[in-house]
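Right, one structure below, let's go through it.
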Amino acid sequence: MDLPHHGYRAPKQRGRAAPPTADSVLFEDTSAAAPAPAMNSQGYYTPGYNMGGPSNDMQGGGGVDNLFADPMANAAMMYGSSLANQGKDMVNKEISRFMSVNKLKYFFAVDTKYVMKKLMLLMFPYTHQDWEVRYHRDTPLPPRQDVNAPDLYIPTMAFITYILLAGMALGIQKRFSPEVLGLCASTALVWMIIEVLVMLLSLYLMTVHSDLSTFDLIAYSGYKYVGMIFTMLCGLIFGSDGYYVALAWSSCALMFFIVRSLKMKILPSLSSDTMGTGSSAKPQFRLYITVATAVFQPIIIYWLTSHLIR
């Protein structure tokens, strides 16, 4: 018997919905149309900043071009450049008050030929005849053109060589230390400064007029390091006997060289100094200064080298 239908429908079997594909997008992606907001270090978005990349004004040379195009920046750079030039001029002026750079270059105008001749003259001065410094239009010739001209190259190199040789001697005797080597260098430098200052003071107090400059005195005072190197080498090779023989030879050679060199500058032919009261005393003062300078050299050589030879 068929049952009557009361308006109900038989339930239909529902199928599971398939996942959406790439073509069926639920919402439209609008991120390409508008830039994403920036995020700060805590992960929150910060409105108003574009993190897509730096702007064109900050890339390349645009910022530098804008900087140089700024009139205030140009004025500041010009002002800074003028201040730097003024400071450089002031430094050069202050240096020129105490030391002439051009005159200092004159004392280093040497060559190999001059150095060899000068070293031979310092060690064997007895055969040299002409000790007069040559001039050209009231200007002394540079050392490379006149072997009698004083220079600062040989004293500087000889001083450095003396320090190195002193370090080697201390090392051979197992007495090397940086403090002892520094003491040797400072002692040698201080003695040379004292010698030059005493010479300048003596010339000033005795009113001796000469063409000796401070650089000349430093050069003549520094030539003793050549004899010191020769003395130390002989002492290291031949012992104490060789040291004293070399000391006697270098001392006599240096004294002869100093007297003959300073004679042309401190003891010139008298002109105006021969007139007036006390004119006979001035040549004696000049002779005293020359002899005292020459006699002082062997004392310094022995003082600076004797403790290095045992």
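Here the Cβ of each residue, glycine as well, is placed from N, Cα and C on the backbone.
Pulled from TrEMBL, these are the features on record:
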COMPBIAS  1-15  compositional bias 'Basic residues'
REGION    1-22  region 'Disordered'
TRANSMEM  152-173  transmembrane segment
TRANSMEM  180-205  transmembrane segment
TRANSMEM  217-238  transmembrane segment
TRANSMEM  243-262  transmembrane segment
TRANSMEM  285-304  transmembrane segment
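Proximity of distant same-chain residues to the transmembrane segment (285-304), defined by a Cβ-Cβ separation under 8 Å and at least 6 residues beyond the stretch ends, is recorded for 162, 184, 187-188, 191, 195, 199, 202-203, 206, 208, 220, 224, 227-228, 231, 247, 250-251, 254-256, 258-259, 262-263, 266-267. Counting same-chain residues at least six beyond the ends of the transmembrane segment (217-238), those with a Cβ under 8 angstroms from any Cβ of the stretch are 107, 119, 122-123, 150-152, 154-156, 158-159, 161-162, 165-166, 168-169, 172, 188, 192, 195-196, 199-200, 245-247, 249-251, 253-254, 257-258, 261-262, 293, 297, 300-301, 304-305, 308-309.
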